[in-house]
Structure formats: structure tokens, C-alpha cells
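> Pulled the feature table from Swiss-Prot, pasting it below:
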- 1-85: domain 'PTS EIIB type-2 1' (DOMAIN)
- 106-201: domain 'PTS EIIB type-2 2' (DOMAIN)
- CYS112: phosphocysteine (MOD_RES)
- 237-257: transmembrane segment (TRANSMEM)
- 275-295: transmembrane segment (TRANSMEM)
- 302-322: transmembrane segment (TRANSMEM)
- 324-344: transmembrane segment (TRANSMEM)
- 349-369: transmembrane segment (TRANSMEM)
- 390-410: transmembrane segment (TRANSMEM)
- 431-451: transmembrane segment (TRANSMEM)
- 468-488: transmembrane segment (TRANSMEM)
- 490-510: transmembrane segment (TRANSMEM)
- 529-549: transmembrane segment (TRANSMEM)
Amino acid sequence: MKLFLTQSANVGDVKAYLLHEVFRAAAQKANVSIVGTPAEADLVLVFGSVLPNNPDLVGKKVFIIGEAIAMISPEVTLANALANGADYVAPKSAVSFTGVSGVKNIVAVTACPTGVAHTFMSAEAIEAYAKKQGWNVKVETRGQVGAGNEITVEEVAAADLVFVAADIDVPLDKFKGKPMYRTSTGLALKKTEQEFDKAFKEAKIFDGGNNAGTKEESREKKGVYKHLMTGVSHMLPLVVAGGLLIAISFMFSFNVIENTGVFQDLPNMLINIGSGVAFKLMIAVFAGYVAFSIADRPGLAVGLIAGMLASEAGAGILGGIIAGFLAGYVVKGLNVIIRLPASLTSLKPILILPLLGSMIVGLTMIYLINPPVAEIMKELSNWLTSMGEVNAIVLGAIIGAMMCIDMGGPVNKAAYTFSVGLIASQVYTPMAAAMAAGMVPPIGMTVATWIARNKFTVSQCDAGKASFVLGLCFISEGALPFVAADPIRVIISSVIGGAVAGAISMGLNITLQAPHGGLFVIPFVSEPLKYLGAIAIGALSTGVVYAIIKSKNNAE
């Protein structure tokens with residue numbers, strides 16, 4: 001008897017390696033040969049709970065067993081497999097909801113790069129639409145504080161559809177075996193009905209890999225933007241913590257806290273924690289999770305190492321971007337190129353890929369990437385810190401306009417990532433401009449509802465009150481209800497106001513070390529009153545422009 005060992009996609013590499021070793025010993029005792037390919041095998045033993053969708057298994061006898069039970073009693077499991085192997089039946093890759101009637105059970109997951117705005121706004125949109133249809137729905141949010149409203153095993157089992165609206169990689173292993181549809185938070189928020197229509201047509205059984213989704217998802221979510229946003233999402237807490245610690249340390253310079261006794265060395269300690277550790281780690285974590293998004297877990301270690309090399313060399317965020325993509329695609333390429341016997345396959349992700357990847361990418365970073373990129377970042381930092389007032393105003397206007405063009409979309413995130421990345425190079429003026437501009441659209445919409453109340457419906461006026469609060473918290477997406485109703489006019493007025501706020505902030509050389517927080521981090525701005533003035537002027541510009549160009553017919 002010839003036996004081939006394999007496992008479900010959700011079984012970890014280390015566990016798979018241990019199972020293979022245990023069953024190799026059990027097979028030797030039972031005089032069963034372990035072979036390296038399904039084609040050679042008389043029986044295929046699958047560890048896990050989901051059969052792999054593998055055409056090589058067609059025509060083979062298979063036996064599937066949970067990995068925990070298999071590990072406890074390998075001899076008994078092997079005997080059962082030899083006696084009870086059944087013909088392989090491939091799992092269906094698509095699900096038809098034709099004829100499904102009555103109350104549907106929907107579970108959903110939402111996640112965005114910052115884990116703040118789109119995560120929760122799309123969750124509300126999904127929940128509202130599902131309840132309107134009379135469905136049972138539960139939405140799990142994967143924000144910066146972790147999973148909220150967590151979906152239970154029982155709820156997964158009862159679900160008719162798993163609806164995933166995520167702009168970054170999120171763990172979905174608990175949904176294996178269920179019909180799943182993937183989309184972005186933006187589409188789930190703005191086109192909820194259309195996305196659910198597509199979900200019921202295009203959902204596929206999720207087997208723990210990357211099979212669930214749509215053609216659109218493959219184009220949009222697997223590209224550069226998704227990889228970058230995965231890195232940004234994991235980097236942000238480090239930037240926030242590091243920036244605020246540095247800002248707090250400055251309080252001692254102004255005798256806000258008495259700088260004596262036990263506090264004497266505290267400023268230097270805080271700066272060391274913020275700048276010496278957090279800011280160095282931010283580039284490594286960013287690169288690590290970019291690589292993780294591309295090559296999964298084998299890419300993480302290589303990306304972290306490459307990112308730390310970029311950070312130590314002074315290559316900044318540009319070096320981190322290159323390090324992350326280089327590490328990810330090198331590891332992904334090695335994974336495809338390197339072919340090993342079945343007995344050694346489990347060593348590839350935990351030994352061979354990290355070792356070869358770290359060596360190749362590390363040496364490439366040290367000798368080819370870091371020297372020129374570090375020089376570029378040095379010149380860029382010098383230019384940004386010594387630029388004239390006119391250049392500063394122009395750059396501020398560009399950053400401000402980009403922050404307001406799509407409010408949480410790719411252009412917005414490009415400007416935001418650029419500004420956040422420069423914090424690691426001790427350049428803080430772009431971050432101040434980006435945050436000021438990002439606060440403008442929602443506050444500007446509130447101003448417009450005050451100025452031209454007769455042009456807005458009662459519900460829009462109420463939305464204006466909510467958008468004001470969101471704007472103060474630096475949540476640009478607070479303006480999205482207005483964008484959905486009147487996109488061209490809202491975007492034009494928002495871009496004008498954002499450019500004004502960004503230009504004023506950069507022109508006044510205002511700095512900010514914290515990348516998020518809105519009104520709550522104003523005390524850590526170099527010029528708080530001037531900064532509030534820049535935001536107010538920008539919001540007023542947006543509000544006045546929109547109040548003028550908005551059509552009365554739009555409110556009907």
C-alpha cells in the first residue's frame with residue numbers, strides 16, 4: 001500500500017511537519033510506503049477538516065481526519081484510513097443560492113487600513129441593509145483594537161453567507177467551508193445592495209486559502225494598494241505611540257512638568273523610546289507586513305529583517321517600501337521555484353524560505369538598495385526642512401488636495417502614507433498638513449448645512465451634525481454621505497478647502513509628530529492656535545463653496 005500525506009489549507013506548517021513525521025513512523029511499522037505525489041498513491045490521508053480542491057486527487061481513495069485526533073492516535077488513524085478510504089469528491093468551488101428562501105443568516109467581517117472609519121461605517125451599512133431585507137446579520141469589525149462583536153462558532157455554522165469587506169489581509173480560518181464573498185469597505189459602504197447581489201451570485205466555498213472572491217477582487221485587492229495598506233495598518237500604532245512620546249518629552253523643555261529628581265532623565269528616556277525604538281521599528285513592521293501580504297507567513301520574517309536594514313541605513317519609508325515588496329516577491333518566487341520531496345516539504349516555510357530569503361534580500365538591501373535610497377531620503381529631508389515659503393505652500397496644497405479627492409481611497413492613502421513615512425525621517429510638517437486637510441471635508445459639510453440650510457433635507461442637516469464630530473476626530477469619511485448624494489460638487493469644494501488648509505499649515509511651518517487623533521492631538525502641534533485657524537479657514541472655504549454651488553434641486 002502506498003500512502004500520500006497532505007493537509008487542509010488551515011493546518012499550520014509546524015503542525016503539518018509534526019503530523020508527517022509521526023505518520024511516517026506509524027506507516028513504517030505498518031509496512032506502508034509514504035510516496036511524494038498523489039499520482040503514486042493508492043490512498044491519500046488528509047489532516048484537517050476540509051478536503052483540498054486538488055485535481056490530482058481525482059480517482060484516488062481519500063481519508064480525512066482532524067489533526068488533533070490524528071496526533072493523539074496515529075496507529076489507529078492509519079488503520080481506519082486503510083480500511084475506510086472513500087473515493088475523492090472535489091468540493092464545489094461555487095455556491096448557488098437559487099431557490100434559497102426565507103430568512104437568511106449573514107455573517108460579515110470588515111477591516112480597513114487604519115481600523116477606524118471605513119471599518120465601522122461599512123459595518124453599519126451592511127447591518128442596515130441586511131436588517132432592511134429581514135435577514136439575520138452579525139458584523140465582526142477588525143479595527144485597531146482587535147476584533148469587535150466577534151462571530152461565534154455557532155453563528156458561523158448557521159451562516160448562509162460570509163460577507164468580507166476588507167482592504168487588508170485578515171485571518172478568516174474560522175469560516176472555512178462556508179460560502180464567502182470578498183469586496184472592499186468602500187464598495188460595501190457605497191454600493192451595499194449591488195455588492196450583496198453579486199455576493200449571492202459569485203460566493204465560493206472558502207477552504208482556508210485564497211479561493212473565495214471575485215475577478216474584481218483579484219484585480220483590486222491583490223495589487224500594490226492592498227499590500228501597502230496592510231503595511232500601513234500595522235505600522236500606525238507604532239507611529240502614534242512614538243510620535244506622542246516624543247511630543248510629551250518636549251513638555252519638559254518648557255517646564256510643564258518639573259524637570260528635577262526622578263524626572264531628570266525622563267525626557268531623554270521618552271525620546272529614546274519614541275525615536276530610538278518605535279520609529280525604527282515602524283519601518284521594519286511596515287516592510288514585514290507588506291511582505292506578509294504578498295507571500296503570507298514565510299514573507300514576514302524576511303520583510304522584518306529587510307525593513308530593519310532599511311531603517312538602520314536611514315533609507316526611511318522609501319527603503320521600507322522597496323524592502324517589503326522585494327522581500328515579498330523574492331520569498332514568493334522561491335516558494336514556486338524550490339521543489340522538495342514530500343518528506344522535506346514542511347521545512348520549506350519554517351527554514352528554507354526564511355533563510356534563503358533573508359540572505360538574498362538582506363545582501364541586496366545592504367549593497368544595492370540602501371546606499372542610493374538613503375542618499376535620496378537625506379536630500380528629500382534636507383529639501384523639505386529648508387524649502388522656501390512658496391514651495392512649502394505649494395506642497396501643502398498638493399497634500400491637502402490629495403487628502404480630499406477620494407476621502408479614504410487610494411489617492412488619500414498615498415498622501416497620508418507619504419506624510420506618515422516622513423515622520424521616521426524627522427520631517428513633521430507634511431503630517432500636520434495632511435491631518436489639517438483631512439479634517440476639512442466633514443467639518444466643511446457641517447458649515448454648508450449651516451449657511452444654506454434651505455438647500456439640504458432634514459436628514460442631511462442631521463448628517464452634518466454627525467460629520468462635524470467625525471471631522472474633529474480626523475475621520476474624513478464623515479463627508480461620504482454627502483459625496484454619495486452629490487459627488488462632483490462635494491469633491492470640488494472639499495479639494496479647495498483641503499488645499500487651503502494644507503497650504504496654510506505648511507506655509508506656517510507647523511509640525512505634528514502624531515499621525516492620527518484630530519482634535520485630541522492638537523496640544524502636541526507646534527503652533528496649536530495657528531493650526532486650528534488653518535483647519536477653520538479650510539473648512540469655511542469648503543462650506544462656503546459648497547453652499548454656493550449646491551443646487552436646490554439636490555435637496556428634494
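From the backbone N, Cα and C atoms, a Cβ is placed for every residue, glycine too.
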> Count the residues of the domain 'PTS EIIB type-2 1' (1-85) that DSSP assigns to helix (H, G, I), to strand (E, B) and to coil, and report the three numbers in that order.
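Final tally across the stretch: 40 helix, 18 strand, 27 coil.
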> Who are the long-range neighbours of the transmembrane segment (431-451) in its own chain, taking Cβ under 8 Å and residues 6 or more past its ends?
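For the transmembrane segment (431-451), the far contacts come to 395-396, 399-401, 403-404, 407, 412, 415-416, 419-420, 422-423, 460-461, 463-465, 467-468, 470-472, 474-479, 482, 490, 493-494, 497-506, 510-516, 518, 525-526, 531, 534-535, 538-544, 546-547, 550.
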> Can you say which of 275-295, 302-322, 490-510 has the most Cβ pairs under 8 Å with the transmembrane segment (349-369)?
302-322
> Looking only at residues six or more beyond either end of the transmembrane segment (324-344), which have a C-beta under 8 A from one in the stretch?
4-5, 20, 24, 34-37, 224, 227, 231, 286-295, 298-299, 302-303, 305-307, 352-353, 356-357, 360-361, 364-365, 369
> Quick check on the domain 'PTS EIIB type-2 2' (106-201): DSSP residue counts for helix, strand, coil, in that order please.
41 helix, 28 strand, 27 coil
> Averaged over the whole of the domain 'PTS EIIB type-2 1' (1-85), what is the pLDDT?
82
> Applying a 10 Å Cβ distance cut-off over all chains shown, what neighbour count does the residue listed as 'phosphocysteine' have?
29
